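Here is the structure we will look at.
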Amino acid sequence: MNNVLQFGLQSSAIYVAKFLVVPLRSLRVGSSFVGVGVGTRSFNKRLMSNATAFSINNSKRKELKIPGAAIDQNCHQMGSDTDRDEMGTLQDDRKEIEAMTVQELRSTLRKLGVPVKGRKQELISTLRLHMDSNLPDQKETSSSTRSDSVTIKRKISNREEPTEDECTNSEAYDIEHGEKRVKQSTEKNLKAKVSAKAIAKEQKSLMRTGKQQIQSKEETSSTISSELLKTEEIISSPSQSEPWTVLAHKKPQKDWKAYNPKTMRPPPLPEGTKCVKVMTWNVNGLRGLLKFESFSALQLAQRENFDILCLQETKLQVKDVEEIKKTLIDGYDHSFWSCSVSKLGYSGTAIISRIKPLSVRYGTGLSGHDTEGRIVTAEFDSFYLINTYVPNSGDGLKRLSYRIEEWDRTLSNHIKELEKSKPVVLTGDLNCAHEEIDIFNPAGNKRSAGFTIEERQSFGANLLDKGFVDTFRKQHPGVVGYTYWGYRHGGRKTNKGWRLDYFLVSQSIAANVHDSYILPDINGSDHCPIGLILKL
């Protein structure tokens, strides 16, 4: 054996020491191959084609066919007892495997029918496991004299061989059935029950390599399944083009569903119905939006046909307003701009309308609250429209006390004063996700600006408890719909967002709201526009 290794079509016996995996760079690629190792490392590895016929003496060889490992019946042959010592020497030499690249390891494992997921060290461990599991131990050696060959086969219920993923998910060696069918090859047909626990224990011990202990396929599959069951986060199959249709929430209730404007908006009002259509949008810098290649103000106006557009965070200076007015779309001839004078290029609000308002007011009329350009109020025939950009509590919640103790109360008083004469529509970026349904990760943002318990309680006390109705939540009580996705973590692609933008209306006109909706497909800002159709 050490001197000569012959391959041919004769009926003479061939003792194949072991199916030895070698680096792909030292092999010629063929449809299938058998690597043969002998005692001396200088002996060349040879490739054999599937077309070559092997005649092997059944009385002097053993086949061990492992489910999930055999690709071709002509491959993966075990050697005779006399070759096992030589094979042990080769198995101890791991340098060739260590030198293989990830691509070579994966290619080799695929040829063996072994799953190839994982990093390089995991692939090396898997390959070693396959080699080790094919070496008969002392008990197998002593028992080999009593039986010519033993074949362990997977139970197959009248179907083809499963794919690699199926093998992993259904516990590759079918241990869950509690026994394995053992069939004697060629001469004798013996059935022996193999203890599933013993096999699992043996596999686990074989997989210990150095400081790492690789769990068996059965244990890995079980662990993955249990972890998937434990996770509280639900993100359904995402749509690349419409990620907002994905229910994305860390702790969703069983009756919640994702907002889909294509299926959740009511039919249009009958022609001739008197109504007004208002849109609002935090543009996060108007100049930047107008330069955004995929944005067209004209196309947006044509598509939505809104009557009034409210903008927040325009970040314009007073000197920029006249230039911007020249770029407005024809028909929207009435625009009103409030800019920050205390901090340039900051905050700012605007109302752009094709309906001429009866009057316009900037700010709240109280000193100390009107220097950042956060409020524009327009009076129309049947309602007041307030466009506001509520102050963010900031990093470290530095402005939290100012917001809840001063700003929120001032805004509430301003609204209630106007409501004495007409119903009020309050819109804009209110910088508060009021309930857990309004934010992807409520538990992780309890001390984040916009979701603190103080801000949420103030939102309720100063607005909702004063008789104002959250129109979107009234129309969609169990729907997860976001209007803001941070740039930092790419939340828009996975629909991990917040609902910060609102239309709140006086209780007296809440029944006149035909539709309160979100337009998540509109890009150009970290917020998206929202709309309101109000019957007059």
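Don't overthink the numbers, they just go from 1 along the chain as shown.
Using the three backbone atoms N, Cα and C, a Cβ is placed for every residue, glycine included.
Binding of Mg(2+) is annotated in Swiss-Prot for E313, D429, N431, D526, H527; the matching candidate from N260, N282, N387 at the same site is N282. In terms of Cα spacing, the recorded positions Y389, D501, H527 that come within 10 Å of N431 (site 'Transition state stabilizer') are Y389, D501. Per-residue confidence over the region 'AP endonuclease' (279-536) averages 96 (mean pLDDT, predicted model).
In the structure as shown, the Cβ atom of H527 (site 'Interaction with DNA substrate') sits within 10 Å of 23 other Cβ atoms. Non-local neighbourhood of D501 (site 'Important for catalytic activity'): T280, W281, N282, T427, G428, D429, L430, T483, Y484, H527, I530, each in the same chain, at least six residues away, with C-beta under 8 Å from its C-beta.
Annotation for Y389 (active site): spatial neighbours N282, Q312, E313, S347, G348, T349, G373, R374, I375, G428, D429, N431, criterion Cβ-Cβ under 8 Å with sequence separation of six or more.
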